[in-house]
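J.: Starting off with a structure, shown below.
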Amino acid sequence: MRLPWVIFCTVLLLIFTNNSNADIPGCNYYDTVDISYIERQNDSYLYDDIEIPASLTGYYEFRQFGDGSITPIEKHLRACVCSVRPCIRICCPAKNFLANGKCDDGLKEELARFKPYIYFTYMDLQARVPLTDMAIIRDEFFDCDEMIYISDFNYFLEEVSIQIFNKCGLIVWFQDGKFWVTVDLFMEKQDYCLYRHNFDSDFPKSMWIIRHRCTSHISPGSLEILIITMICFVLTIAVYLYIKKLRNVTGKCIVCCIVSRFIQCLIMILDHLNLLNGICSPAGYSSHFFRMASNLWLSVISYHTWKVLTSLNRVDPNYRFLRYNAFVWSTAAIMTGSIYIVNQIWENDPSKWNWLPLVGFIRCSVKDWHPSVWIYISGPSLALSTFNVAMFALTAIYIRKVKGGINKFTNEEEGRINCINFDSQTYLQFLRLSIVMGLTWIFNVIPYSARLHIFWEWVGIISEYFHSAFGIVLFVLLVLKRSTWTLMMDS
């Protein structure tokens with residue numbers, strides 16, 4: 001009877017051992033760096049010329065964010081580098097991150113050229129420390145990041161005594177003041193990072209820092225839904241290209257819209273999986289180009305549908321599709337080119353950072369948090385969505401008018417009086433029109449800043465899931481209908 005008990009205890013021990021996280025004792029997660037790509041030498045690891053003993057390393061199976069949330073990731077080795085040297089966090093754009101986790105933005109060369117330093121005070125000790133003698137942790141940008149000039153806090157710091165700071169830990173001293181940057185009162189160490197283009201001015205008398213205001217996560221299951229959506233996109237395109245009667249102007253516009261949305265979804269997935277190293281910026285501009293193109297195609301489809309249904313001439317001339325192409329691709333190119341020029345001109349100017357589109361900084365796409373998104377994304381999208389709603393309303397009114405006329409004529413012929421009656425096919429037709437004409441995309445215009453309210457937060461979540469499944473909805477409404485299957489059988 002003892003052997004089964006021993007086996008049971010052994011199995012439990014293995015389970016708890018495998019599921020436990022090998023945290024480094026006495027080390028904060030934000031004081032660690034990923035050293036999975038560094039080989040072990042003489043019972044230590046060499047990280048940026050800093051020798052870290054193996055006793056200060058451990059395996060982690062999670063990633064911790066500034067808001068305290070944890071995401072499971074692949075098991076990797078981390079080292080408590082801040083136990084060896086004082087640390088400073090400097091932001092690194094997504095476009096400069098390499099596959100091994102290093103940042104290739106020329107920071108080392110700039111530090112060697114300008115030789116910047118900061119003053120540290122801990123308890124009663126003060127020291128002037130060059131940044132080249134510190135452990136530099138390259139921090140990433142997040143969705144709600146905000147650029148802050150450090151002198152904005154000086155007036156507040158003057159009211160706080162030095163004794164309060166000394167109890168709290170690290171202080172950054174300037175020649176004409178002091179600024180606390182670590183724990184407990186203003187910002188935790190994970191809530192900020194220094195801006196890269198800081199050291200050619202009057203640093204450290206003043207500096208620009210990036211404040212991480214929030215951490216966003218991809219909604220559970222949305223990545224899987226996007227993959228299924230892309231499969232449905234491919235199937236829908238194949239059906240529209242296979243059936244000759246669907247290769248009219250409307251069908252071609254739908255195919256172009258789906259292709260644009262497919263490329264946008266593909267870049268989004270690759271960006272989330274960190275597979276765009278080396279091509280982050282080109283991928284980000286391409287994503288914006290095809291995002292705006294798909295929105296423009298929805299407006300073209302809305303206009304063309306209204307034009308065809310309300311026109312006595314139902315013939316679709318080929319030149320009309322060529323005009324649509326010229327309008328969509330040129331407009332999308334102008335929109336993308338404008339944000340490219342803005343980024344190139346003011347990318348290194350911290351004072352204008354908050355208003356930049358920041359392609360390749362937060363992710364490989366245009367940022368979507370700040371009033372400036374109304375210039376680059378939300379404003380144009382709202383205008384196009386409003387146009388789509390207007391076209392749908394005019395089309396629906398026309399269909400209702402025609403249906404009412406037909407019902408009235410039928411009732412007069414049969415000698416009876418009846419109210420206008422819409423059957424299920426009519427409602428299904430309205431549903432298809434609302435989807436094809438992009439009626440629902442107006443909810444996607446809600447900025448993330450407005451989603452801090454609980455109601456708009458839920459509207460945003462529902463909209464995100466629905467539009468992640470947009471390809472599935474299109475496939476069901478356009479391909480799985482009876483008329484499409486009949487055309488497929490006849491082809």
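Glycine is no exception: its Cβ is also placed from the backbone N, Cα and C atoms.
The structure displayed is predicted, hence computed values, not measured ones.
Found this in Swiss-Prot, in case it helps:
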CARBOHYD  N18  N-linked glycosylation site
CARBOHYD  N42  N-linked glycosylation site
CARBOHYD  N248  N-linked glycosylation site
SIGNAL    1-22  signal peptide
TOPO_DOM  23-167  topological domain 'Extracellular'
TOPO_DOM  189-222  topological domain 'Cytoplasmic'
TOPO_DOM  244-252  topological domain 'Extracellular'
TOPO_DOM  274-325  topological domain 'Cytoplasmic'
TOPO_DOM  347-372  topological domain 'Extracellular'
TOPO_DOM  394-434  topological domain 'Cytoplasmic'
TOPO_DOM  480-491  topological domain 'Cytoplasmic'
TRANSMEM  168-188  transmembrane segment
TRANSMEM  223-243  transmembrane segment
TRANSMEM  253-273  transmembrane segment
TRANSMEM  326-346  transmembrane segment
TRANSMEM  373-393  transmembrane segment
TRANSMEM  435-455  transmembrane segment
TRANSMEM  459-479  transmembrane segment
J.: Take the transmembrane segment (373-393) and find every residue of the same chain, 6 or more past its ends, with a Cβ under 8 Å from one of its Cβ atoms.
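T.: Sequence-remote neighbours of the transmembrane segment (373-393) are 288, 291-292, 295-296, 298-299, 302-303, 305-306, 335, 339, 355, 357, 366-367, 433-434, 437-439, 441-442, 444-445, 447.
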J.: Say we define neighbours as other CB atoms within 10 Å of the CB. Which of the glycosylation sites N42, N248 has the fewest?
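T.: Each of the glycosylation sites N42, N248 was scored by Cβ atoms within 10 Å; lowest is N42.
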J.: What residues elsewhere in the chain lie close to the topological domain 'Cytoplasmic' (480-491), defined as a C-beta under 8 angstroms and at least 6 residues from its ends?
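T.: Contacts with the topological domain 'Cytoplasmic' (480-491): 239, 242-246, 432.
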J.: Rounded to the nearest angstrom, how far is the Cα of N248 (N-linked glycosylation site) from the Cα of N42 (N-linked glycosylation site)?
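T.: So the alpha carbons of N42 (N-linked glycosylation site) and N248 (N-linked glycosylation site) sit roughly 70 Å from each other.
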J.: Using DSSP, how many residues in the topological domain 'Extracellular' (23-167) fall into helix, strand and coil?
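T.: The topological domain 'Extracellular' (23-167) comes out at 37 helix, 60 strand, 48 coil.
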J.: Report the DSSP secondary-structure composition of the topological domain 'Cytoplasmic' (480-491) as helix, strand and coil residue counts.
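T.: Taking each residue of the topological domain 'Cytoplasmic' (480-491) in turn, the totals are 9 helix, 0 strand, 3 coil.
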J.: On the DSSP side of things, how many residues of the topological domain 'Cytoplasmic' (189-222) fall into helix, strand and coil, could you say?
T.: 4 helix, 8 strand, 22 coil
J.: Could you pull the average pLDDT for the topological domain 'Cytoplasmic' (274-325)?
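T.: Within the topological domain 'Cytoplasmic' (274-325), the model's average pLDDT equals 88.
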J.: Which residue counts does DSSP yield for the topological domain 'Extracellular' (244-252) in the helix, strand and coil classes, in that order?
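T.: Taking the topological domain 'Extracellular' (244-252) as a whole: 7 helix, 0 strand, 2 coil.
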J.: The topological domain 'Cytoplasmic' (189-222): which same-chain residues, six or more beyond its ends, come within Cβ distance under 8 Å?
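T.: Answer is 28, 30-31, 65-67, 69, 71, 87-93, 105, 107, 110-111, 114, 116-119, 131, 139, 141-151, 172, 174-176, 181-183, 272, 348, 350, 353, 369, 448, 461, 464-465, 468.
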